[in-house]
């Protein structure tokens, strides 16, 4: 157990809490109001002396309840209809609990497009900062009603990890229906042991998470571990614990050894670097030589066309791309200075050759260092 990591949670001043569908519903999928009120009391306690952001599931489940559906729709329009019906009911539930104690809440609905567009990303960041400065608790959810597959976060775990980076949180707490990350599935293996601390999310750690998910929510343990890993890479401590057990959030923020703690693995990034590294979905990959990798990782240099060995994918100038070495390991992400076809033509060439090959030259770099984030 890392006492310093647990103690750091006690000192956290800005906290993002993600509440999963399974922590808000009965086994039947119906909204558990009694449990929600108890959880709301924990959230109200957490908001005292801290800046609190809540990423909440539950809209689709509440829509299912209102529409009298016994199971989650499988088709996208059905899910979107449930979300449209349930979102107002979800916010009313938060308003009832928080408003009774004089705590203001705000609804914030996001799609992945809001994160990958730089101006919209900054608008989200500035709005959340203003709400927190006004002592308002933002309640964030994916805008399921308008999201399409290519613009979806996929689950609120992923969204919570991104939001933690946007607001530069001190801690991310992921509340689920299980106590944390175990050495095996505790529902199937009585000998499964809870991991107190994860220092680094390795492939072995991800394999422990498995791929299970409920019939009501969309996220499994693997998505929670990836969200915690994303936060850790941004210098943010994460905890996965049970939202079904009373007082768990309070215990986490009081530094008690509950759930699984994910220690930070990276340093705090600037806003632009964090946006590139975590908010963007790469549309292609540039495979580079060893010299280019060394210059980028250790020399903080730009990627020149001469260092590009292979171009994969279909992307335009300004689109996000991964940078990988010869083994296929992705070590950086950046914004391409040229489109995929242009880069294929100038790959391996000197900067002085760009204009003669293309007939024009935007920049000397394939990816400028100001548009790069080492992962």
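From the backbone N, Cα and C atoms, a Cβ is placed for every residue, glycine too.
Residues annotated as ATP binding site in TrEMBL: 18, 176, 177, 218, 219, 220, 221, 222, 223, 224.
Neighbour density for residue 57 (substrate binding site): within 10 A of its CB lie 28 other CB atoms from the protein chains shown. Marked as substrate binding site by TrEMBL: 57, 144, 156.
The domain 'PUA' annotation in TrEMBL covers 284-367.
Least crowded of the binding-site residues (144, 177), judged by neighbouring Cβ atoms within 10 Å of its own Cβ: 177. Per-residue pLDDT, averaged across the domain 'PUA' (284-367), gives 97.
The record assigns 57, 144, 156 to the substrate site; their largest pairwise CA distance measures 11 Å. Every protein chain shown contributes to the tally, and the Cβ of residue 156 (substrate binding site) ends up with 27 other Cβ atoms within 10 Å.
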